[in-house]
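Q: Straight from Swiss-Prot, here's the annotation block:
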- 303-312: compositional bias 'Polar residues' (COMPBIAS)
- 314-340: compositional bias 'Basic and acidic residues' (COMPBIAS)
- 349-375: compositional bias 'Basic and acidic residues' (COMPBIAS)
- 384-401: compositional bias 'Basic and acidic residues' (COMPBIAS)
- 508: pentaglycyl murein peptidoglycan amidated threonine (MOD_RES)
- 118-301: region '5.3 X 35 AA tandem repeats, A-type' (REGION)
- 297-401: region 'Disordered' (REGION)
- 456-511: region 'Disordered' (REGION)
- 118-152: repeat 'A-1' (REPEAT)
- 153-187: repeat 'A-2' (REPEAT)
- 188-222: repeat 'A-3' (REPEAT)
- 258-292: repeat 'A-5' (REPEAT)
- 293-297: repeat 'A-6' (REPEAT)
- 298-332: repeat 'C 1' (REPEAT)
- 333-367: repeat 'C 2' (REPEAT)
- 368-402: repeat 'C 3' (REPEAT)
- 435-440: repeat 'D 1' (REPEAT)
- 441-446: repeat 'D 2' (REPEAT)
- 449-454: repeat 'D 3' (REPEAT)
- 456-461: repeat 'D 4' (REPEAT)
- 505-509: motif 'LPXTG sorting signal' (MOTIF)
- 1-42: signal peptide (SIGNAL)
């Protein structure tokens, strides 16, 4: 009866030992899962907080820069508007100055043409006045003298004609002398023509013509002397031959022509003598007009100088306004370029700000998502914590059961010694005991199969519970990370006493199973390999 109880108790111990090993392995896995979950959630929370702070700081910086650029843009717009208004005012002043300058130029051109007309009229009046003033009493006396000389020449001409009428028998020896006289006659005719021209121009005598008159008087004296010589020669030429009669006729024809020209000259002299008191009044009127024209000319010249000064001043103002307009246009162009650059920068900053806001929204969404995942992870962690506490409680119970089993094992060893002493059993008792042991072994195998099924169900349930937080994106918990070596310390510590339990059963001689069964070792090895592989992937 004692043997049966002992075998039954040992079989129960063996079953409890396998269950405890599986529970310890599951405890190790749960502890690693909890630690890894805490680490992942803490790292994710810190990274999310840092990213949100950086995004918020960058968004604030972009907002400040955007406000600064808006202020600069408003200042540039105000300055640009002021410059445009100033430019419009200068343009209007420039157009007014141009219009005024155009009117002044037109007035100057009109006055210049009027001055030219007055100067031409003045020149004509001066010429007429000079010609009219040169006929003085001395000139009248000189004209009378010329008339007297003309009368003397006419008398002398009559004497010569009489001499020519009597000179019908010129000799051949005097032909050369006649030719000489003809040449001198031609020279006299030429000189007479010059005198006629001088008489024709007697209306415009000036101071310079007085010298010419003196020259003519000297030539006239020379001609008178030459005339005397010719008269003497004619007195000696009384024996012209008959062959020279044709020549004489020609000379007579020329004489008639000279007489006709002399009559014309006399008429011209008579016209030159008709300067009366009416002409003197006309001369005074012309002098008064000349003085008025000179005064008007001086006034016009003064106005022209004033207009020229005004025109030059307007020209300088116009040049200054043009230069100022160019400078303003350059500044306006520069401001427009700066405005374009600032606008481009503002748009770029606006795009960056929009991008940062969009990134901030995405990060906030991710943060919200991570918070939800964190909540789920926290719930899973709490659930795992509860499971871990339960597994630790089970571990304590297992350790307590292990202590009880060790004490029972000591009792069994004691019984084993007693059984060794009672080896002298009969074959019948051995057969009965063998049958009982086989029956108990069969029952034990069936019970182990049931426990294996329950253990498989328990593993499937734990796997489904551990996969529930992993279904969410971003929650990557590694089971058993960093905890496998710690969990494995207790089995190493219990190794020594377990070696002592590897003894044979007293009745059948079978070797007793250790505390860590093959299933428990397989679970622990799988967990360790998974933890190492996951750690390599993270590194």
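Glycine is treated like the rest: Cβ placed from N, Cα and C.
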Q: When you scan the chain for residues with a C-beta under 8 Å from the repeat 'C 2' (333-367), skipping those not six or more beyond its ends, what do you find?
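A: Here the qualifying positions are 48, 51-52, 55-56, 58-59, 62-63, 65-66, 69-70, 72-73, 76-77, 79-80, 83.
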Q: Looking only at the repeat 'D 3' (449-454), how are its residues distributed among DSSP helix, strand and coil?
A: 6 helix, 0 strand, 0 coil
Q: If you run through the compositional bias 'Basic and acidic residues' (349-375) with DSSP, how many residues end up as helix, strand and coil?
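A: Helix, strand and coil residues of the compositional bias 'Basic and acidic residues' (349-375) number 27 helix, 0 strand, 0 coil.
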Q: Over the repeat 'A-2' (153-187), what does the predicted model average in pLDDT?
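A: Across the repeat 'A-2' (153-187), the average pLDDT comes out at 61.
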Q: What counts of helix, strand and coil residues does DSSP assign across the repeat 'C 1' (298-332)?
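A: Residue counts in helix, strand and coil order: 35 helix, 0 strand, 0 coil.
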